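J.: So Swiss-Prot lists the following for this protein:
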BINDING   Tyr53, 158-161, Gly181, His200, Asn229, 246-249, 269-271  NADP(+) binding site
MOD_RES   Ala2  N-acetylalanine
MOD_RES   Lys23  N6-acetyllysine
MOD_RES   Ser248  phosphoserine
Amino acid sequence: MATGQKLMSAIRVFKFGGPEVMKLQSDVAIPIPKDNQVLIKVHACGVNPVDTYIRSGTHNMKPLLPYTPGLDVAGIVEAVGEHVSSFKKGDRVFTVSTLSGGYAEYALAADDTVYMLPEKLDFKQGAAIGIPYFTACLALLHSACVKAGEIVLIHGASGGVGIAACQIARAYGLKVLGTAGTEEGQNIVLQNGAHEVFNHREVNYIDKIKKSVGEKGIDVIIEMLANVNLSNDLNLLSHGGRVIIVGSRGPIEINPRDTMTKGSSIKGVALYSSTKEEFQQLAAALQAGMEVGWLRPVIGPVYPLEKAAQAHEDIIHSRGATGKMILLL
């Protein structure tokens, strides 16, 4: 560490494992932006399920140890690299990825993963945009290629990605069905664009969905927990229906004939494999949503930086999501 280099507090992970492997350190060097990089003073950072998969070592992405978790930050630009022209010190911004990790007082990001945060949205809302909204937009507009008038079912609709999917689907003229596991979660789903909501903890909730949509079935299913729901999803689809897998925590056995008889398809999405061109298209759609007003993140539990391990426990084991989980700095 260079003499006189400024320090910050940050969560550090020295080995893959449970939430307890995350340690708060106060002697981490503040990164210095190079070329096309932006240094952001972090005001809030989103906590995503993918953060827990990466931390546990079960995700395809395995950062070099030690590392700082966190991809979605919102804050103020502190400094920029010499080749950055789109941002300047003092700008309010949010990110869809970071280079140095977002569970920290400062975060470094490539300038093409940084976006201006409108004044109408606060920093907590800004930290809830990145992965949830870009993922939902990718799933609905690029992978499912939804059309106005289609029926979409969003599993886990009360979480960050789920709420984003509800808002986007409603804005694009779809009939929106959602599932959630608590009364509070169901109310949030209805408040954010769903026409109907179903309690996935009820034994007969699949039958209720079938009754609601009738013989036609569902055109698109946005699936957050494929290892639990995928087999049922295939039976709910219309002819030519699509299941878009956003999340899964393990394997599941399905009958391929369920796809053959309806000409249906299963497609997985992973935001980190998207091209720069796709990110630009997603960003344009979401910026329009901010301007018009349908993009309005819902904030769930809020934790201080030192409670990051508790946040990771809660995002996996909570009874039901109620908005986006945030670390507030």
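Backbone N, Cα and C atoms are what each Cβ position is placed from, and that goes for glycine too.
What's the neighbourhood like for each of these?
T.: A coil conformation is recorded for Gly159 (NADP(+) binding site) in the three-state DSSP classification, outside any helix or strand.
Long-range Cβ neighbours of Lys23 (N6-acetyllysine) (same chain, at least 6 residues apart, Cβ-Cβ under 8 Å): Ile11, Arg12, Val13, Phe14.
Sequence-distant neighbours of Ser248 (NADP(+) binding site) (same chain, 6+ residues apart, CB-CB distance under 8 A): Glu223, Leu225, Ala226, Asn227, Leu230.
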J.: Which residues does Gly159 (NADP(+) binding site) neighbour through Cβ under 8 Å, counting only same-chain ones at least six apart?
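T.: Sequence-distant Cβ neighbours: Pro132, Met224, Ala321, Gly323, Lys324.
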J.: Using Cβ atoms only, which residues of the same chain lie under 8 Å from Val246 (NADP(+) binding site) while being at least 6 residues apart in sequence?
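T.: Thr135, Ala136, Ala139, Val161, Ile222, Glu223, Met224, Val269 - these are the non-local Cβ neighbours of Val246 (NADP(+) binding site), listed in sequence order.
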